[in-house]
Amino acid sequence: MKITGIKAWKVGLPLKEGRYNWSNGNFVEVFDSTVVAVETDAGITGYAECCPLGSAYLPAYAHGVRAGLEEIGPKVIGLDPTDLNVLNRHMDSVLRGHPYVKAPIDIACWDILGKVSGLPVYKLLGGAAQEKVALYRAISQEAPEAMARKIAGYKAEGYTKFQLKVGGDADQDIDRIRVTREILDATDTLVADANTGWTRAEAARIAAEVGDLDVYIEQPCPTYEECLSVRARTARPFVLDEVIDGVGTLMKALADDAMDIINLKISKVGGLTKARLMRDICVASGTPMTIEDTWGGDIVTATIAHLARSTPEEFSFSATDFNSYGTVDIAKGAPKRVNGFMTASDAPGLGIEPIFEVLGEPVVVIG
């Protein structure tokens, strides 16, 4: 089997809440997502999706996905899509960096492998380690009381895990954490995610001020070294995200005891092949993970569900149902949240089928 063509569609994903705010005044109102098809000479097509969180979260941006596909796409024509390690080594050899560009090609090839073998992707990633996956809800940055009201609403929908978007004014962030923790049950989980928005001094102060609360601190500062400094000064459980972008940074962080949990975003590390490797390293080292992506719709959510379902429950800290945040359905067969959980399809591959009437005409055609 050989890859014969690649297509990509641009699709807007408006938000039910209207706007998503995070640290340093960043926000998105309509996410720009790219749906990718990898076509083969066997008549089997695999699908994937990549949706960066704006252009200020990681070294990635929405237009870059499609520009990158124009660059790397012709160089994977003729490769066997089921030889996933060979494919990934080739992509790394012809385009340095840009893992988010390579991710949808890799994921679409996992979809192909599942369709060829007649197995769901979670079986290929290790099997059904858990039947349903616990979800968290991200709470867009607003005034403390407004965030607390949103948590109360989502708690009524079945969520028990919440990621609070902080990384603004330090005093307000302390209030955000305190006010929201007060309305949660003792068994509920609260993560204060600064998305690199604090200085080291601010992070140290905030961690000390909320030291009496049951709260996780996530990615307080921009650099690994700053985060490591804050980690050494707090007893609060610690999550790293933005600075864990591959096997190398993961291994260093494990050696340095830099975190208790990592946030494993599939497109950030280059797709399912590399995410599976990092997942397995985390399991072997006893490190739980939030398994998710930067953003997306139905196809991203399906991809998350397959990796999370194949991860042992004790190492699956949480995952994300991004398709419940938006107003547009782009694929049939995607996971749907039930009482704060989701699961992956048992159909071959990712178990989804794009809704082409929504996608329209492709904006990238290669091959």
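Cβ from N, Cα, C; glycine included.
Remember, it's a predicted structure, so these values are computed and weren't measured experimentally.
Taken verbatim from Swiss-Prot:
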type     : residues         : note
ACT_SITE : K165             : active site, proton donor/acceptor
ACT_SITE : K265             : active site, proton donor/acceptor
BINDING  : D193, E218, D241 : Mg(2+) binding site
Where D193 (Mg(2+) binding site) and K165 (active site, proton donor/acceptor) are concerned, what is their Cα separation in Å, rounded?
5
Secondary structure at D193 (Mg(2+) binding site), reduced by DSSP to three states:
strand
Can you tell which of E218, D241 has the most other C-beta atoms within 10 Å, given these are the binding-site residues?
E218
Neighbourhood of K165 (active site, proton donor/acceptor), C-beta criterion under 8 angstroms, separation at least six:
N21, W22, S23, A138, I139, S140, Q141, D193, N195
So if I measure Cβ to Cβ from K265 (active site, proton donor/acceptor) and keep only same-chain residues at least 6 apart in sequence, which ones fall under 8 Å?
D241, E292, D293, T294
In terms of DSSP three-state secondary structure, what is the assignment for D241 (Mg(2+) binding site)?
coil
